[in-house]
Each structure stands twice: as structure tokens, then as C-alpha cells.
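**Q** Copying in the features that TrEMBL gives for the protein in this structure:
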ACT_SITE  Cys2  active site, nucleophile
BINDING   Thr305, Asp367, Asp368  Mg(2+) binding site
DOMAIN    2-236  domain 'Glutamine amidotransferase type-2'
Amino acid sequence: MCGILGIVAKTPVNQLLYDGLLVLQHRGQDAAGIVTAEEQRLHMHKGQGLVRDVFRTRNMRSLWGNTGIGHVRYPTAGSASSLAESQPFYVNSPFGIVLAHNGNLTNDAKLKDEMYRTDLRHINTNSDSEALLNVFAHELQNRAQGFKLDADIIFEAVAAVHKRVKGAYAVVAIIAGYGLVAFRDPHGIRPLTLGSHETEAGTEYLVASESVALDTLGFKRVRDIDPGEAVYISFAGELSNRQCHPTPNLVPCIFEHVYFARPDSVIDGISVYEARLKMGDYLAERVQKIIPDLDIDVVIPIPDTSRASALQLAIKLNLPYREGFIKNRYIGRTFIMPGQASRKKSVRQKLNPIGVEFAGRSVLLVDDSIVRGTTSKEIVQMAREAGARKVYLASAAPPVKFPHVYGIDMPTRAELIATGRTDQQIAEEVGADAVIYQELTDLISACREASGGRIQEFETSCFDGKYITGDITDDYLDQLEAKRLSPLSTKSSDSALHDLNIGIAEQNLV
Ligand SMILES: O=P(O)(O)OC[C@H]1O[C@H](OP(=O)(O)OP(=O)(O)O)[C@H](O)[C@@H]1O
Ligand SMILES: NC(=O)CC[C@H](N)C(=O)O
Ligand SMILES: [Mg+2]
């Protein structure tokens, strides 16, 4: 899952973009990039690593202009960690376009083939986002009359993108000389929100993956961008919008609410925090059913993401809630790190138990999700080493059993701890006395209730194998897995760790 951000302001945007990317850092730790625009001129700086490591003062100084976009990257299925695939991407024709993408395309192989054979465009990386940029560029070029461009032409180009592209895409882009474009796929799988800020010089606009960026940067939330909709904001700050798909249907990714998004964000009108509290309520009922005697002395969250659900679960069951694991604040999220070796090592570096909370007690550990089981195995063992009498493990999400193809790196069934195992076998695998999973219907109810009943359907494929875009076949999943399991792919994602902060790309694009 990546974080994207676009701003059209009245004064230089470099610092706003930097600060905005910092609050979206939880969505991608692999690479970061910013492009700013001064009319026809684009300035880019991007590199591998965290935002704070990629941008130095000298880089910031070169990012001139009152409009800009930014990206933090978490590489998805099919693509490895590499500088070449860091975003935003640039294409010089037509006009000069830069684009930042959150999501994952499911027909990028076909698109790349079409680019080569029909559209005569060169794609130089394995990134699906580069293909997406070139489809948009091609559709814009087909419609532009000479060098003249207006909102209608841009919206027709986005409509054409919707026809050609499948999968998940929330996008911000800049067209040199014109303005900022933002659009969302017809199911709105990935989030995208719009905010504004009034100044004496006029209205400024911000588009971001999560509302937390608006809060931090002093913008007011206007609304979420609708699925299928495109918004165009000229450099002068005039906003136009259009629904560019004939049958848009909001089916947002439920994993944003389980794990990805920050709890202080509001996505499609759902407070992520409230959704997680409700997950805790439902999970409490499951715990009561599976451990009727409630032989549990204490409820302990696995920091950070499970905290809200764990707290609510403890309240509901009338059990004490304690912080039994202390998180090292300098270690990032482990699940989105590339390579299993680094993820495993980081869990131990990240979490350390407080002995007194475990010694002689029966503990209920609560996590938001169990995916590969990397975290669970380590923390159950830590709890035992700290003297716990019994260790139960509850997950606010159901077992993750299917690859995620819309922007989360869960590509092979073999990697998922729930594949081919019963709950009892999973408990044995992680060393717990029992594992208690949320039911999928309850997870959906939690999010539906948090939406006030407005959103009926969620993208839940990693739990039930039902893919909303309708193009995911067994063959597709087999190919994805084969690609992922090839030695070349493993090597590139693990070795990427050693490259962190080494590769930096800087360009003044004219
Ligand atoms: O079963 P696994 O493959 O280990 O994946 C699931 C774990 O990874 C995530 O934590 P992460 O450390 O990424 O972030 P957090 O601090 O936001 O909880 C998630 O919250 C679970 O704890
Ligand atoms: N997680 C994401 O949204 C990734 C975007 C894009 N598919 C990439 O790999 O860079
Ligand atoms: Mg976690």
C-alpha cells in the first residue's frame, strides 16, 4: 500500500509535501519521492528509504513551485523493491506528466504488451504504475488538440483509462503547464480524499490517501473522491470534477480498516478508529464463545495497530487491559518490510515484553491480523519466555487465506500461515494455547456499522477469495506465485534492504 499526496497551493509546496509524506509514512517505507511544478517546469527528487532519509535540505531547495505531488512506496505483488520503480514516474509526452499511484493493476502484463505493440511506448521497469502513466499519457495524446488541453479532454482520457485498466488505482498526477489530476478506480478500492484551505490569495487544494494528511497540514476535509471520479485542479486553483465511469460502485478495501490506515484517519466517511473499536466488540463475543470460562487474567495488545480493538475487547469482557509489549519507536512496520528475514528480525527488535505482565498469568494477546504469522510466532514465544501460564491469541481479522492483488503484498498462498491449516493447527504452529479469529461477517458488520450503514460491500478477497474486479483466475494467481517464488524475485526484494538510502534519483525535468 502506498501513500499519495497532491497539493495545489498559492505558495511553495515543498515543505507541505514533505510533512504530508511523513504522516503517510506508515503506508510505505521502501521509497519516497516528490515532484513540484512551476508552469512547464517539473522538479523531481526520489530515492529509496524513509522520507526523512531521502530528502536533505539541498534536495528540498530544488523543489520549486506551488503545485506538487508526493509518494511513499510499499512495493506490491509482481514488483520488487528498486530505485527504478520508486515514484512518481515521469513521461515526457504529451506535455510532460508525472504520476503517483496507490494500488495494483491486475492486467499490467497485457497493458505493457499493448504499449509496446500498439501504442509504441517504452516501459522501462516492471512497475504497473509506469504502465498506468503511459496509458493515461497515450489517451491524453489521442485527444489533445495541438498543445491545447482542457478539463473535458482530461476527463475523457481518464474515462479511457478506466476502460483499459483493471485493478486498484488511486492516482495523483501533474500535467506540466496545466495542473493536477486525481482519480480513483471504479470500485474505489484504494482511498483518496480531498481537502481545501482558504487563503487571501484564493483556495488551496490537497488530495491525499488519508485524511490524516489534511489534519496535519491545516486543510479541511471536503469529501472523498468518488470511485470512478476524476478531479482536475488547474495551477490557478480552479477545480473541476466529473464521474468518468458509467457504473461506479464503491467497494473499498477492508484491510485499510484492519491494518493499513492510521486510526485517526477517516476513509469514505468511516472513522478507522471506530471501525477498530467495533472489531474489538465483535471479537470479544468470539472469545467468550471459544473460551467460555474466560480463564484470562489480562488482555495485551500487539502494538501498534491492534490497540483500539484490544482495548475495546477488554472493556467488553470486563478484563484488565495492559501494555505488555513495549515497541521501539525507531523501528517501522514489520509487515510491509521487503523480505522475510528482515521482517522476522525486526519483530524482536521492535517488541520487548514487560515481565511482570506475563509471569504466572493467562494472557490474551490481541493482534489486528495474522498474515504470515511472523509476528505471532515471535510474540507468543516472548510471552512464554516471560513466564505466561497460558497464551491465547486473538485476531481482529479472519484468517488471511488468499493472495491480495490490489496493493498489499500477500502474494503466495504458501506464505500465509492460514493456508491449509485449521485454527487448532495454526495455534500449534505459533505455539499458542488457542487462536481466536474474527468471523468475516462480523468484520464486515464492524466496518458497515462504522460507515453508518452507507457502505454495504467491502473488498475482502484475502479472506474469501472473491475478487471484485472479476478478472482474477486461478491461472493468474498461479503465475503471480510463480513469479514471486522465482529466485530472482526473492533476491531482489531481500537484497533491496542493503540498498536502502543508497539510490537517489534527482532530475530537473523540462
Ligand atoms: O502475521 P504477520 O505476517 O506478522 O503480519 C501481521 C502483523 O504485521 C502487522 O504489524 P506491523 O509491525 O507491520 O505494524 P504495526 O506496528 O502497525 O502493528 C500487523 O499489525 C500484525 O501485527
Ligand atoms: N502498494 C502500492 O500501492 C504500490 C503501487 C505500485 N503497484 C508499486 O508497486 O509501486
Ligand atoms: Mg502489528
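Cβ atoms here come from the backbone N, Cα and C positions, even for glycine.
Those TrEMBL annotations? Automatic predictions, nothing curated.
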**Q** Could you name the residues, excluding Thr305, Asp367, Asp368, of the same chain that surround the Mg(2+) site, i.e. Cβ within 8 Å of the Cβ centre of those residues, in sequence order?
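**A** So the additional residues around the site are Val258, Tyr259, Pro301, Ile302, Asp304, Ser306, Ser309, Val366, Ser369, Ser395, Ala396, Ala397.
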**Q** Cys2, Thr305, Asp368: which of these recorded positions has the sparsest Cβ neighbourhood within 10 Å?
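**A** Across Cys2, Thr305, Asp368, these recorded positions, the one with fewest Cβ atoms within 10 Å is Thr305.
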**Q** If I restrict to non-local contacts, at least six residues apart, and a C-beta distance under 8 angstroms, what lies near Asp367 (Mg(2+) binding site) in its own chain?
**A** Pro301, Ile302, Thr305, Ser306, Thr375, Ser376, Ile379, Leu393, Ala394, Ser395, Ala396
**Q** In angstrom units, rounded to an integer, how far apart are the Cα atoms of Asp368 (Mg(2+) binding site) and Cys2 (active site, nucleophile)?
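**A** Just about 19 Å between their Cα atoms.
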**Q** What three-state class does DSSP give Cys2 (active site, nucleophile)?
**A** coil
**Q** Of Cys2, Thr305, Asp367, Asp368, which recorded positions come close to ligand 2, meaning Cβ under 6 Å from one of its atoms?
**A** Cys2
**Q** According to DSSP, folded down to helix, strand and coil, what is Thr305 (Mg(2+) binding site)?
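**A** Looking at the DSSP assignment, Thr305 (Mg(2+) binding site) belongs to neither helix nor strand, so coil.
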